[in-house]
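Beneath this line is the structure, given in structure tokens, with notes to follow.
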Amino acid sequence: MVLNPAKREKKSQYDQKLCRLLDEYTQVLVVAADNVGSTQMQNIRKGLRGDSIILMGKNTMMKRSIRLHAERTGNDAFKNLLPLLVGNVGFIFTKGDLKEVREEIAKYKVGAPARVGLVAPIDVIVPPGNTGLDPSQTSFFQVLNIPTKINKGTVEIVTAVELIRKGEKVGSSEAALLSKLGIRPFSYGLVVVSVYDNGTVFSPEVLDLTEDDLMEKFRSWLSNVTSLSLAVSFPTLAAAPHMFINAYKTALSLAVATEYTFPQAEKIKEYLKDPTKFAVAVGGDAAAPATSAKEEKAEQSEPAKEEEESDEDLVAGLFD
């Protein structure tokens, strides 16, 4: 099959653009573009203009370009993008903060009605309350087993009802009812499904981690490493302080139970032989602050006495 020269030229330009972006950018967001309109996509491009570029295309063409470019450059990290090209997806090449770019994308989600045959991305719950519909419309509610009552000439939903569950297809009755109630339950936009950063691919949920979350996970892992090292008696940097303390306790216990001794155990042995020394040591430390407090109080009272004596001398001098 002979390709149209115009199509061949377009494919060549697309291939060159994709290869250039792969060489220029090290961060790529893989986004799903289901149910995203052209106007919505244009607004997203405008919002990201400056440090990010959106590139959409056919998966087969993108896979071919990436594979050939990886072979030409010898950079096999590009091949990590190949398994991600499933469904209606595209690339956002960026030099900015990945979390900020994802938040910017989320601003352009738009509401959409529930159309027949669509797979619900979320649970759809019809709230209780007055619908404003006349009693002749109760057939819709009866078909969907929604409890209603007539109030002041209009249909009122008694309790909240889960109309559609996430992952289910929207039926004709559900779509008609939501349309009559004026409910647009779904919102569509570009959704980040994977993140590529310098050859590494990870879930977008990683972008939500904060420094506190990372520190908490590090403490948990450090605790596990320490516990495992102590359990199998394998020295590691995390377990070393605990091992030294446990060894010191063992040596101290051995010194107390036998005649063997070492400088650090002498004081403990003295306390065990004569517990009054321990009481004196503690009492002496406690008495010291009390003594200093008394001395301070005495020093404060001395100036007062000196003032009283000077006053008495002054009075005596008047009568001399």
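Backbone N, Cα and C atoms are what each Cβ position is placed from, and that goes for glycine too.
No curator has checked TrEMBL annotations; they are predicted automatically.
These features come from TrEMBL:
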{"type": "DOMAIN", "residues": "114-183", "note": "domain 'Large ribosomal subunit protein uL10-like insertion'"}
{"type": "REGION", "residues": "287-320", "note": "region 'Disordered'"}
{"type": "COMPBIAS", "residues": "293-304", "note": "compositional bias 'Basic and acidic residues'"}
{"type": "COMPBIAS", "residues": "305-314", "note": "compositional bias 'Acidic residues'"}
The domain 'Large ribosomal subunit protein uL10-like insertion' (114-183) - residue tally per DSSP class, helix then strand then coil: 19 helix, 19 strand, 32 coil
PLDDT averaged over every residue in the domain 'Large ribosomal subunit protein uL10-like insertion' (114-183): 86
